[in-house]
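Chemist: The following block contains the structure, expressed as structure tokens.
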Amino acid sequence: MGKQKIIVFSGAGVSAESGLGTFRDSGGLWEKYNIEEVATPEAWNKNPEMVTEFYNMRRKQCYESKPNAAHFAIAKLEEKFNVEVITQNIDDLHERGGSSKVIHLHGEISKVKSSGPNAEKKYFHQKNWEVKIGDKCEEGYQMRPHVVWFGEAVPMIDEAISRINSADIVIVVGTSLNVYPAAGILNYAPHNAKYYLIDPSEVSVPSYFNVIRDSASKGVPELVEKLLK
Ligand code: OAD
């Protein structure tokens, strides 16, 4: 028999204990910033300086952070399972934790792209955390973060759906499941799969989920131990 397939669907909570703030918890990013002012195409058109600064700060924090026990444990699952991580996070902590297959639904902060037309498929690694106004592509358009803004399409959504389609086990960790279409991929997982949710807060999920009310750095390694036995 082939390896069982595990889909890990993660959100900001998996990186919280690495020092990267979540969005909707108290003290979260969306309490300090207006989504409309930093994370939409309109914000970019109106105030590219502010948007660039916002994502520079996120990139700086990301580059200064380290994977935590949850990221490492998820990578460890690969010893026995075919594991695919589908994350809403733009940080690269799953990769640095050792996961080999990671789909980023909302883009990657370590990459930039041209803000000009037809830029969608050309990404550049941003080595230094700071993108400056004046950093331009060959055609003269300002570089922007390779992230998905509210109001933009989610290019990886179909890929994510096709992966979760054949899951034997689904592990949801650190997401409030508030943002669509990302959260909607769970509807495409098989009915007979096993479902786990790890989150310290109450997150609304169907009753067939095994809910583990715990932080990622504790709850994930414990579940991983159990699954690897
Ligand atoms: P949210 O901020 O909405 O939710 C974070 C979740 O993490 C909550 O359910 C918390 O209870 C949980 N959490 C907090 N600390 C935790 C810990 N130590 N261990 C485990 N869980 C913890 O973040 P997301 O659901 O990821 O999109 O947000 C989804 C999307 O909204 C983001 O990708 C981003 C944001 O706006 C875009 O910017 C397009």
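Just so you know, glycine gets a Cβ as well, placed from its N, Cα and C.
For reference, TrEMBL lists these features for the protein:
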type: ACT_SITE; residues: His106; note: active site, proton acceptor
type: BINDING; residues: 11-30, 88-91, 174-176, Ala216; note: NAD(+) binding site
type: BINDING; residues: Tyr55, Arg58; note: substrate binding site
type: DOMAIN; residues: 1-229; note: domain 'Deacetylase sirtuin-type'
Chemist: Give the sequence-ordered list of residues that share a chain with His106 (active site, proton acceptor), lie 6 or more positions from it, and have CB atoms under 8 Å from its CB.
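Modeler: Listed in sequence order: Gln88, Asn89, Ile90, Val147, Val148, Val154, Ala182.
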Chemist: Counting all other Cβ atoms within 10 Å across every protein chain shown, which of the binding-site residues Phe23, Tyr55 scores highest?
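Modeler: That would be Tyr55, with the most Cβ atoms nearby.
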Chemist: For a Cβ distance below 6 Å to any atom of ligand 1, name the binding-site residues from Gly19, Phe23, Gln88 that qualify, or say none.
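Modeler: By the Cβ criterion, which requires under 6 Å to ligand 1, the hits are Phe23, Gln88.
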Chemist: List every residue in the same chain as Gly11 (NAD(+) binding site), at least 6 positions away in sequence, whose Cβ is under 8 Å from its Cβ.
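Modeler: Listed in sequence order, they are Thr22, Thr87, Gln88, Asn89, Val173, Gly174, Thr175, Ser176, Leu177.
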Chemist: How many whole Å apart are the CA atoms of Tyr55 (substrate binding site) and Gly19 (NAD(+) binding site)?
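Modeler: Rounded to a whole number, the Cα-Cα distance is 16 Å.
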Chemist: How many whole Å apart are the CA atoms of Gly27 (NAD(+) binding site) and Arg58 (substrate binding site)?
Modeler: 15
Chemist: Find, among the binding-site residues listed as Ser15, Gln88, the one whose Cβ has the highest number of other Cβ atoms within 10 Å in the structure shown.
Modeler: Ser15
Chemist: Indicate whether Arg58 (substrate binding site) is helix, strand or coil by DSSP.
Modeler: helix
Chemist: Judged by the number of other CB atoms within 10 angstroms, which among Gly19, Gly27 is the least packed of the binding-site residues?
Modeler: Gly27
Chemist: What average pLDDT is reported by the model for the domain 'Deacetylase sirtuin-type' (1-229)?
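Modeler: Mean pLDDT across the domain 'Deacetylase sirtuin-type' (1-229) comes out at 96.
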